[in-house]
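What Swiss-Prot records for Gly41, Pro42, Ser43, Gly44, Cys45, Gly46, Lys47, Ser48 is ATP binding site, and it gives sequence analysis as the kind of evidence. The domain 'ABC transporter' annotation in Swiss-Prot covers 9-255.
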Amino acid sequence: MNQQLIPAIKVKDLSFYYNTSKAIEGISMDIYRNKVTAIIGPSGCGKSTFIKTLNRISELEGPVKVEGVVDFFGQNIYDPRININRLRRQIGMVFQRPNPFPMSIYENVAYGVRISAKLPQADLDEIVESALKGAALWQEVKDKLNKSALGLSGGQQQRLCIARALAIKPKVLLMDEPCSALDPIATMKVEELIHSLRSELTIAIVTHNMQQATRVSDFTAFFSTDESRIGQMVEFGVTTQIFSNPLDSRTRDYVSGRFG
C-alpha cells in the first residue's frame, strides 16, 4: 500500500445517541478511497450503528443525536444544509438480509434511477445492464428481467440489491453483514464482487466473520464496548497488521478467539 491514501470519509470524534441512550462514543477513523475497510467486533459493540451514521440512514429508525463530524469529500454530512437524498445516492447501502422490492428484476435496478432522473428507455436499459454486470448477475438474469425478483435465490437477491445500489453510481458502498444470511457459495460470489468493485468504489463492510475480513479488506477497525456497554473503536490499521500484530491486547484477544 505505497500509493497515496485519500480519505473518502473522515470520521472525527463521533458519538451517536438513540434518543438519549449513547450507542457509540468518540470514534475517529478514515475510510480510504478505493479501499475496503472492514469493521469487526463482538455483538452489541456498535458496528452496525456506526456504519448507518455514515449516510444518515440511522435517522430513519427514530429520534437520534449526533456529536462530532463525518466528513465526506470535504463536507460534513451532518451540516443542516446537506441534501440527504443526494447524500444517500452518493453513499449507498446494502443490508444484512436481501431486501428486493416486490417487482421485476429490471424495475428493482431501475427504481432509484427513475426517482432521481427521467431518462430515455435506451439509457435506462444501459444503466440496468451495466449495474447487473457490475454485480456479477447479468448472465444469470438477462433472459428473465421481467420476472419477479422474489423468485431469485438468496445470493442472487443480495447481488440484485448490490446492483440496485450500483445503478445510481455511488462513490461509497456501505455493507452491513451482507453475507450473514447466505450460504458459502453465495458468500464467495459476494466476496469476489467486493474485490472487483474496489477499483471503482470505496467500500466499508461490517462483518462478524473474521476470516471474511482478512479475505476482502485492506483496513480493519476493531470495535468493542466499555463497562457501560457503549461502543468504541479500539484499534484501526492495515488488515494484515490488525490480525497478525495488533497493538491493543483487547484486539489480540478478539482476533485470537479469546472473547467475542
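Just so it is clear, glycine is given a Cβ too, placed from its N, Cα and C backbone atoms.
Where Swiss-Prot records a feature, it is marked here on the structure.
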residue	record	contacts (Cβ under 8 Å, 6+ apart)
Ser43	ATP binding site	His208
Gly44	ATP binding site	Thr225, Arg229, Gly231
Cys45	ATP binding site	Phe223, Ser224, Thr225, Gly231, Gln232
Gly46	ATP binding site	Phe16, Ala23, Ile24, Phe223, Thr225, Ile230, Gly231, Gln232
Lys47	ATP binding site	Ile39, Ile40, Gly41, Val206, Phe223, Gly231
Ser48	ATP binding site	Gln96, Asp176, Glu177, Val206
Please determine which of the binding-site residues listed here (Gly41, Pro42) has the lowest count of neighbouring CB atoms within 10 Å. Pro42
